[in-house]
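Scroll down for the structure; my scribbles are underneath it.
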Protein chains: 6
Amino acid sequence: MYTDLPEEQLRAYRGAVREPVDFDRFWADTLAESRAAGSPPRVEPVAVGLTAVDVHDVIFSGFAGQPVRAWLRLPRAADGPLPTVVQYAGYGGGRGHPLENLLWAAAGFAHLAMDTRGQGSGWCRGDTPDPAAAGPEVPGVATRGIGDPRTYYYRRLITDAVRAVDAARSLPAVDPARVAVLGHSQGGAMALATGALVPDLRAVVAAVPFLCDVPRAITVTATHPYREIRDYLAVHRDAEDRVLATLSYVDGVNFARRCLLPARYSVALMDEIVPPSTVFAAVNAHAGPTELSVWRYNGHEAGGIDDDAAALRFLGAHLRG
Amino acid sequence: MYTDLPEEQLRAYRGAVREPVDFDRFWADTLAESRAAGSPPRVEPVAVGLTAVDVHDVIFSGFAGQPVRAWLRLPRAADGPLPTVVQYAGYGGGRGHPLENLLWAAAGFAHLAMDTRGQGSGWCRGDTPDPAAAGPEVPGVATRGIGDPRTYYYRRLITDAVRAVDAARSLPAVDPARVAVLGHSQGGAMALATGALVPDLRAVVAAVPFLCDVPRAITVTATHPYREIRDYLAVHRDAEDRVLATLSYVDGVNFARRCLLPARYSVALMDEIVPPSTVFAAVNAHAGPTELSVWRYNGHEAGGIDDDAAALRFLGAHLRG
Amino acid sequence: MYTDLPEEQLRAYRGAVREPVDFDRFWADTLAESRAAGSPPRVEPVAVGLTAVDVHDVIFSGFAGQPVRAWLRLPRAADGPLPTVVQYAGYGGGRGHPLENLLWAAAGFAHLAMDTRGQGSGWCRGDTPDPAAAGPEVPGVATRGIGDPRTYYYRRLITDAVRAVDAARSLPAVDPARVAVLGHSQGGAMALATGALVPDLRAVVAAVPFLCDVPRAITVTATHPYREIRDYLAVHRDAEDRVLATLSYVDGVNFARRCLLPARYSVALMDEIVPPSTVFAAVNAHAGPTELSVWRYNGHEAGGIDDDAAALRFLGAHLRG
Amino acid sequence: MYTDLPEEQLRAYRGAVREPVDFDRFWADTLAESRAAGSPPRVEPVAVGLTAVDVHDVIFSGFAGQPVRAWLRLPRAADGPLPTVVQYAGYGGGRGHPLENLLWAAAGFAHLAMDTRGQGSGWCRGDTPDPAAAGPEVPGVATRGIGDPRTYYYRRLITDAVRAVDAARSLPAVDPARVAVLGHSQGGAMALATGALVPDLRAVVAAVPFLCDVPRAITVTATHPYREIRDYLAVHRDAEDRVLATLSYVDGVNFARRCLLPARYSVALMDEIVPPSTVFAAVNAHAGPTELSVWRYNGHEAGGIDDDAAALRFLGAHLRG
Amino acid sequence: MYTDLPEEQLRAYRGAVREPVDFDRFWADTLAESRAAGSPPRVEPVAVGLTAVDVHDVIFSGFAGQPVRAWLRLPRAADGPLPTVVQYAGYGGGRGHPLENLLWAAAGFAHLAMDTRGQGSGWCRGDTPDPAAAGPEVPGVATRGIGDPRTYYYRRLITDAVRAVDAARSLPAVDPARVAVLGHSQGGAMALATGALVPDLRAVVAAVPFLCDVPRAITVTATHPYREIRDYLAVHRDAEDRVLATLSYVDGVNFARRCLLPARYSVALMDEIVPPSTVFAAVNAHAGPTELSVWRYNGHEAGGIDDDAAALRFLGAHLRG
Amino acid sequence: MYTDLPEEQLRAYRGAVREPVDFDRFWADTLAESRAAGSPPRVEPVAVGLTAVDVHDVIFSGFAGQPVRAWLRLPRAADGPLPTVVQYAGYGGGRGHPLENLLWAAAGFAHLAMDTRGQGSGWCRGDTPDPAAAGPEVPGVATRGIGDPRTYYYRRLITDAVRAVDAARSLPAVDPARVAVLGHSQGGAMALATGALVPDLRAVVAAVPFLCDVPRAITVTATHPYREIRDYLAVHRDAEDRVLATLSYVDGVNFARRCLLPARYSVALMDEIVPPSTVFAAVNAHAGPTELSVWRYNGHEAGGIDDDAAALRFLGAHLRG
């Protein structure tokens with residue numbers, strides 16, 4: 001069943017996300033500090049038994065220079081610097097297993113799949129810790145350090161996402177002028193944020209992005225991971241203002257307002273995890289050109305492999321042209 | 001939590017599956033008739049936008065010569081007839097999308113992913129009908145035609161599985177002497193049956209195979225798809241003998257007793273869908289050499305990508321040697 | 001809790017079901033072909049140990065002349081051709097057991113309870129197969145052959161329903177001028193379709209009819225059996241147009257627009273299976289006179305035995321008068 | 001899935017139900033007092049629109065002479081005093097609607113369907129209050145007055161059940177020498193108790209009887225209504241001895257030990273509500289001859305209409321001979 | 001997720017609760033009769049091992065003079081008649097254990113925690129029976145005697161609540177001029193009714209009060225205890241008018257319209273048990289001054305300990321001033 | 001229903017928990033280092049509006065000297081150094097609100113309720129962060145840093161628990177010779193560990209302690225928080241040895257073997273969260289004298305307030321004597 005407003009209202013929905021006055025400065029400072037603390041990525045080949053794709057274990061400098069893992073997959077037959085896709089994982093997952101997720105390399109792209117700090121124990125595995133002072137929190141990362149934007153988990157993860165692009169661009173296999181970012185759900189949120197913070201990328205692909213119009217999201221869905229924030233507020237009853245203020249620094253709507261890149265979004269009208277209105281809030285705020293797939297009968301899986309096929313076409317147009 | 005007997009009892013468990021006296025004749029006749037009704041496969045290339053893998057749409061003659069679809073994926077860079085993996089899908093799924101499931105081709109194998117007649121609308125899509133007189137049935141295919149082994153759904157699907165191997169071997173890209181079969185759950189059941197019915201294959205990979213020791217399975221799990229059979233018997237209260245007789249013609253334990261090929265199995269001790277004892281019943285009955293991964297903390301996903309990695313190694317040893 | 005629009009909006013709700021231009025021709029051709037393929041029903045008495053009711057096992061010619069079962073129950077004490085009720089079963093059920101469902105015969109009607117092809121393994125049993133080429137489908141019958149109205153399951157079942165009336169009228173115990181049709185949920189959908197396709201019946205009773213205003217139904221409920229269609233579209237993402245076109249040939253709203261018979265409907269405002277708006281869409285479109293019971297506190301059971309009591313009164317007025 | 005011990009252990013299972021030393025005196029006194037307080041039943045015809053069955057509204061004197069309702073259904077065509085079935089309802093239900101439950105009258109029996117005091121608002125309706133001082137209780141009746149056998153709800157209901165037989169036998173339509181008692185679940189418990197307390201009945205039919213071997217039942221199932229007792233003990237942690245003592249006065253095993261009548265039992269091996277071992281405890285303790293149907297694939301519905309058909313045959317043999 | 005109307009609509013919501021013409025007379029007569037039947041409370045000290053609080057076991061005369069239990073907790077160090085809080089329990093609970101609920105005595109109030117007749121076997125225990133003729137009912141007390149306001153359970157419980165205040169005021173430790181009433185959910189409903197029926201109290205605290213705007217409540221929530229009433233109406237389909245008439249005599253909105261006392265309410269926007277609109281209906285009808293806490297992210301626990309802290313402040317102001 | 005072995009097997013159950021050779025050294029070093037890094041507690045009075053109890057906000061030095069919060073509650077009327085109870089919270093909870101949990105102070109004890117680092121957002125709130133490098137983890141703390149005993153979350157929490165005792169003993173209101181530790185579930189695990197690591201305490205109270213016989217626990221329950229460890233192992237399939245090795249350093253059975261203090265345990269036979277066998281494994285290993293309450297009909301709430309009452313008696317005997 002539809003989980004949100006009627007479709008015609010969705011198409012016009014804009015949300016009402018607050019924008020902190022120091023939003024741009026916050027992120028400029030954050031990135032500058034983390035870039036200053038960074039060092040070049042380390043890349044080690046991994047023997048996985050494939051003949052068409054080579055896989056490398058990457059460690060790059062993320063937030064505050066902290067080490068973050070990734071897999072770099074390269075088509076074996078390819079020559080010269082490649083058009084490149086940097087991918088971010090959905091909530092709970094990490095970079096996964098080297099043998100997973102061969103699509104982008106099989107399609108001729110260099111593919112950097114970033115790990116997710118402190119997650120990576122859910123639907124696919126990860127290997128990166130989140131070295132941070134965690135305040136009282138609901139199980140999961142969505143409320144970790146939520147009392148202040150500077151300590152909030154997603155400040156760190158978004159910085160990792162930007163720094164993954166920096167790292168990719170420093171690799172010889174990657175053509176730094178032809179890089180796009182891509183993700184589903186939390187991964188879509190990271191792609192969108194990165195697309196706003198790194199203006200010279202080529203394109204953004206955000207399938208059912210998480211972390212958009214959060215003040216509405218936490219009141220219209222009862223499922224995780226938005227539920228974590230609701231549960232936190234149910235116990236810390238005096239924290240609403242502080243928490244909403246923190247969230248405004250990472251809300252995808254605020255990134256969409258700043259993102260001039262062409263973006264492909266998808267939204268699912270039966271999504272119980274990421275309410276469709278919150279995706280429309282981002283799409284309708286997006287500064288650059290957008291393409292949108294509306295999946296009327298899908299839940300959070302959205303277009304699934306059909307979204308991938310469309311992304312392949314979209315990225316081909318933007319990265320190969 | 002563990003869903004079945006303690007591990008030491010599992011390792012010794014043998015089950016008590018009935019063996020029909022005409023089991024071998026039943027299958028010999030079935031295959032002979034279907035082979036007689038068959039015609040050569042049709043193979044059409046599909047433009048999917050990959051650079052490392054070529055995908056072809058295959059229609060081959062399955063049970064009674066009925067058309068069955070498959071995807072054939074070939075590594076673009078490969079020369080000459082290839083070692084080949086024929087794969088069968090889990091319950092509810094079909095051959096999926098051409099862009100899915102690139103592992104085996106990326107590893108240098110020809111890969112034929114067979115569609116599943118009348119399913120293909122669950123976790124991945126399919127395109128093959130099941131043209132058959134369906135008696136009263138519980139939603140799903142597990143009780144379709146269950147009143148008689150000749151009308152039972154799995155007679156048709158197993159025949160398709162064997163004929164998929166026949167079809168693969170007739171293709172120029174395939175080295176007919178180096179073919180293995182592989183599947184998870186229902187796909188594992190198909191792989192095991194095919195391994196028993198086509199003795200000159202090289203190897204079988206069956207992850208948490210469905211359809212083994214069915215009389216026990218339907219009394220120790222409450223989940224689907226075994227639940228379908230239980231639900232049928234709960235309504236058709238006079239049908240127990242007839243149903244169990246039918247099932248004995250497709251029970252994986254009876255195929256394992258006849259399968260001389262090397263086989264890699266996996267079993268998960270927290271599997272709620274395929275009770276681990278029923279997998280051990282097959283492993284312990286297997287006539288050929290076996291390798292077994294016991295996943296103590298997994299449910300029906302079992303080893304997942306780790307099973308795939310192990311299968312890659314196992315198939316490399318048996319198909320490349 | 002209420003599961004749909006507020007009651008005042010329900011009472012005005014009309015839906016927006018498409019009407020195919022060839023709807024009438026489609027059904028005229030379908031019935032003509034099936035009638036041409038038919039043969040007279042066979043009727044065998046069954047010894048069930050009752051003293052007030054005689055039960056007969058009936059096989060009649062349904063869709064394409066295919067054999068369909070039914071129970072014929074006759075009050076033993078009755079003389080001459082009787083007023084007659086033809087009843088259709090809810091989703092999952094069949095004609096049941098001869099000892100069930102004695103109400104209508106005990107009330108002095110001839111009672112033909114039609115079996116449901118390919119179902120009959122859920123809440124009550126059946127004995128009729130559905131010999132048909134089933135395409136990829138979600139477990140259940142709601143998506144069987146849904147790619148084309150000619151192959152769709154409900155084309156066959158509606159034809160069976162009409163042919164059950166034809167068969168009943170040919171029996172000596174039945175007064176062909178005094179026949180009504182009745183059903184709950186799927187059975188109500190069959191009664192409504194039959195009432196539109198056989199204009200010289202006396203009355204229709206449709207309790208919480210299924211299969212009305214389907215495009216809305218699949219977006220406002222998450223439960224089965226409408227869920228089957230939604231699940232199909234979630235996987236076959238390119239099939240929406242084709243599927244909705246097929247469904248328009250069997251939508252109860254299109255039958256209601258053509259049904260000139262007096263009809264008794266019931267609807268339940270807490271129904272999670274058949275959304276109340278979809279019933280109102282049929283009621284408000286019904287061409288003939290209607291009577292409607294609105295059960296404010298019931299789910300899909302609706303009026304239950306109170307609906308039966310009302311139907312008894314309604315049918316008495318229309319069949320005995 | 002099986003919900004209790006393996007079948008061979010079930011067949012030998014005897015339980016360990018305590019027997020109060022004053023069990024027989026308790027019931028003799030209870031019945032004597034209630035019989036002394038009684039008055040003749042009142043019987044009023046009800047116009048329900050049936051032609052084969054007449055229905056009467058009965059008020060008889062139950063526990064302490066309190067008025068209890070019932071429906072009396074008589075086959076219209078029958079002559080003279082009839083063999084009679086007194087039926088008791090399952091938990092939550094009452095005597096239901098006059099139009100329900102026509103099987104026994106249609107089969108030529110007088111049929112008295114007793115109402116259930118204070119229930120009758122669940123799966124079928126009732127009309128009889130339970131005028132009693134209820135102590136602290138878990139919602140439902142299973143712990144009402146459970147602190148003492150004299151105040152316990154089931155003392156009252158069992159007395160009603162016995163007095164329903166007394167009332168039936170006083171009616172002209174009933175042959176007092178040919179009466180049997182019948183019920184499912186709670187109704188089966190009442191039939192069994194009545195069969196022990198009224199030795200000159202002809203037979204007992206108890207399908208999956210509730211209230212047998214209660215000390216075990218409350219530790220091996222988590223479902224209602226046994227759950228009520230468990231929930232009571234979870235809060236009233238000091239009440240275990242008192243509660244188990246009370247329960248021993250109504251435990252079906254203690255009645256079975258005293259029941260010399262032929263009895264037909266049924267049990268379901270997948271019953272989650274009445275654990276099969278508790279039924280076997282009664283069957284194995286039954287003093288008279290027993291017949292047992294073991295339904296291996298059913299839950300609490302057990303044999304359903306197939307149990308009814310078997311009961312019809314069983315009662316025919318015992319009441320018509 | 002929010003469980004009811006948007007917040008701005010909630011703030012304006014008034015409901016449409018019927019007011020019986022004899023509402024005031026009904027309650028005046030009820031209280032007069034019960035007061036006439038009463039006798040002075042009995043108070044016995046209980047040895048519980050505390051040093052700062054003394055606990056007494058109280059038996060007072062409730063409805064119709066029937067004995068009702070309570071705990072009286074007194075701060076040991078206090079002198080002279082004390083400001084007093086009379087507290088009522090939520091649905092399912094009773095007066096609990098003497099060691100529970102020490103807050104109010106530790107804060108210097110005399111604290112009378114009334115038991116709940118016939119409940120007290122859920123989240124905390126009770127010791128008081130409900131001696132009454134219960135008609136057919138859904139498990140629980142919400143439909144006990146619902147066919148008539150004079151036999152309805154809540155007539156008795158509200159009378160107990162008023163009489164608990166009478167009893168408290170008769171005790172030497174209590175200053176009769178400084179008494180307030182307090183409760184959560186069902187307890188809040190009792191506090192509100194008592195505040196309307198005993199005009200010389202000082203204040204009312206009602207957290208998420210149950211039993212307000214019941215006609216709406218039963219259509220917008222599917223959870224217990226409102227579900228009991230819905231379930232009753234689903235079976236007793238002819239009882240709607242009678243049931244709604246009965247409920248109008250105990251509806252909190254009708255008490256709020258009459259309550260001139262200062263009241264502190266709280267409401268939770270994610271409450272699935274007591275729909276927030278029904279609380280606003282009471283708040284917006286309240287005759288006296290009100291204070292309202294709106295908990296946006298809480299379910300039925302509402303403000304929990306934060307509500308207690310606010311109540312402590314509120315009662316301090318009204319009872320100590 | 002019972003959730004584990006039959007009671008007689010439970011009473012004899014011993015488990016098979018590994019004991020690391022350096023267990024004692026590990027803890028001696030850990031405590032020595034943290035004590036070396038510590039500083040005296042800070043204690044601030046909190047104005048909460050109570051008259052019988054004073055509450056203080058405490059910050060003490062926990063693991064590695066990191067600041068940990070607690071509430072200190074003191075009976076206002078008491079003189080001189082008091083017998084003292086240090087309490088630890090269950091999983092998800094923190095020190096809660098100052099107005100909660102007044103029992104121990106009302107009974108005349110000094111009461112230090114320790115906060116739980118990084119939790120405190122579930123059933124009651126907390127205020128203490130967990131500043132640590134968290135590796136890939138399942139939401140929750142049970143797998144935080146589980147790859148090595150030195151980085152594991154419970155190393156830190158157990159150290160906090162010991163240091164809370166150190167802090168309490170340094171306060172003037174506390175008699176350092178009369179201190180006991182107490183907790184439920186996770187809190188019971190902390191109490192048991194502290195009782196083993198601080199030999200001069202007076203007593204331990206552990207209700208349904210978590211973290212005992214963990215290797216068994218994770219295979220016999222499917223619920224949280226043990227589920228977290230199972231879920232971790234389901235993804236990190238190669239980590240079993242490392243994880244079980246880490247867990248052996250914090251397993252309550254290893255602490256019980258070393259704890260010479262008198263201990264009161266409780267266990268619940270219907271506990272789905274902490275399997276009863278795992279509690280018996282600790283009880284049966286306990287080196288000192290034990291008292292055990294077996295709650296046969298309770299889940300994880302176990303004895304609840306009845307456990308508290310028994311603990312009050314037990315602690316009175318051991319702390320006041």
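Backbone N, Cα and C define each Cβ position, glycine as well.
Automatic prediction, not curation, is the source of TrEMBL annotations.
Summarising the annotation, TrEMBL assigns domain 'Acetyl xylan esterase' to E:3-315. Sequence annotations record features per position, and here TrEMBL assigns substrate binding site to E:TYR91. If you look up TrEMBL, you'll see E:SER185 marked as active site, nucleophile. Residues annotated as active site, charge relay system in TrEMBL: E:ASP271, E:HIS300.
Mapped onto this structure are the features recorded in TrEMBL.
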residue  : record                           : CB count, 10 Å
E:TYR91  : substrate binding site           : 25
E:SER185 : active site, nucleophile         : 26
E:ASP271 : active site, charge relay system : 24
E:HIS300 : active site, charge relay system : 18
Do any of E:TYR91, E:SER185, E:HIS300 (recorded positions) have a CA within 10 A of E:ASP271 (active site, charge relay system), and if so which? E:HIS300
Compute the C-alpha separation of E:HIS300 (active site, charge relay system) from the residue listed as 'active site, nucleophile', stating it in Å without decimals. 8
Here the mean pLDDT of the domain 'Acetyl xylan esterase' (E:3-315) is 97
How long is the line from the C-alpha of the residue listed as 'substrate binding site' to the C-alpha of the residue listed as 'active site, nucleophile', rounded to the nearest angstrom? 7
